[in-house]
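Asks: Quick one: the structure is below, questions incoming.
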Amino acid sequence: MSHPNPHPSRQPEFRQLRHLELLIALISILVLQSFVSSDDRLQRVLLNAMFLIVVLSAMRSLACSKIRMWATIVLGVAAYALSWIDEVHSSRLVTGSTDVCFIAIFVLLISSLAEHVFGEGPVDANRIIGAISIYFLIGLAWAFLYALIELIDPGSFQSNASSTFGETRPGFVAEFIYFSNVTLTTLGYGDVTPVSRPARMLATLQAMIGQLYVAIVIARLVGLQISQATVDSTQR
């Protein structure tokens with residue numbers, strides 16, 4: 001004889017927050033990267049491990065296709081392995097390959113999350129957390145795009161805050177994470193400036209996406225909420 005669940009709402013509540021682990025990992029990266037020293041190898045390796053944790057957290061929270069899931073896992077392992085190789089034997093090819101892997105990972109995660117955030121269904125905490133996670137992932141994806149541009153064409157960006165900008169790999173990745181999020185939110189402090197044409201084009205495109213994304217998400221969530229309210233009133 002089966003016994004009724006005394007807490008029937010706990011499982012749905014847990015499922016609603018399944019994207020929370022990913023969001024916490026993303027916020028942790030943004031906070032920790034500001035404290036990582038470019039001269040401390042252990043700290044750099046730990047930061048790379050945090051990126052791998054983001055991938056694992058996303059796999060736990062997303063119900064994506066097997067092909068997309070395995071592609072993300074393979075890219076995550078490859079990116080982490082390449083970051084280790086880059087620590088031992090740094091080269092432009094290894095560094096560039098690491099950037100490409102991270103960019104591909106973030107694009108896959110964004111597309112998987114977007115299917116849920118913009119899909120049909122009620123507006124719940126999980127959908128809102130997913131929308132916030134996409135915003136953070138866009139910032140990280142663009143940070144590695146900027147890093148790749150700087151690697152291919154050194155001097156594409158200038159920093160007024162530091163004369164050593166771009167001289168150390170961890171230093172300018174952290175700088176680009178900062179610059180990317182400032183550009184995404186269109187704050188534009190002006191301490192980091194895109195100089196080359198590709199860099200300016202990417203910065204402009206990111207600022208436009210940042211503005212459009214917020215407007216589209218709000219419109220979609222409001223539309224879903226109105227649709228759900230209409231369905232509920234019809235069923236009464």
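Just so it is clear, glycine is given a Cβ too, placed from its N, Cα and C backbone atoms.
Take a look at what TrEMBL says about it:
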| type | residues | note |
| --- | --- | --- |
| TRANSMEM | 20-36 | transmembrane segment |
| TRANSMEM | 42-60 | transmembrane segment |
| TRANSMEM | 67-85 | transmembrane segment |
| TRANSMEM | 97-118 | transmembrane segment |
| TRANSMEM | 130-152 | transmembrane segment |
| TRANSMEM | 172-190 | transmembrane segment |
| DOMAIN | 174-222 | domain 'Potassium channel' |
| TRANSMEM | 202-222 | transmembrane segment |
Asks: Should anything in the same chain at least six residues away from the transmembrane segment (97-118) have a Cβ under 8 Å from its Cβ atoms, list it; otherwise answer none.
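Replies: Non-local partners: 19, 51, 54-55, 58, 62, 64, 68, 71-72, 75-76, 78-79, 82-83, 86, 126-127, 130-131, 133-134, 137-138, 140-141, 144-145, 147-148, 151, 217, 220.
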Asks: Do you know the mean pLDDT across the domain 'Potassium channel' (174-222)?
Replies: 90
Asks: Quick one: DSSP breakdown of the domain 'Potassium channel' (174-222) into helix, strand and coil?
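Replies: So the counts come to 37 helix, 3 strand, 9 coil.
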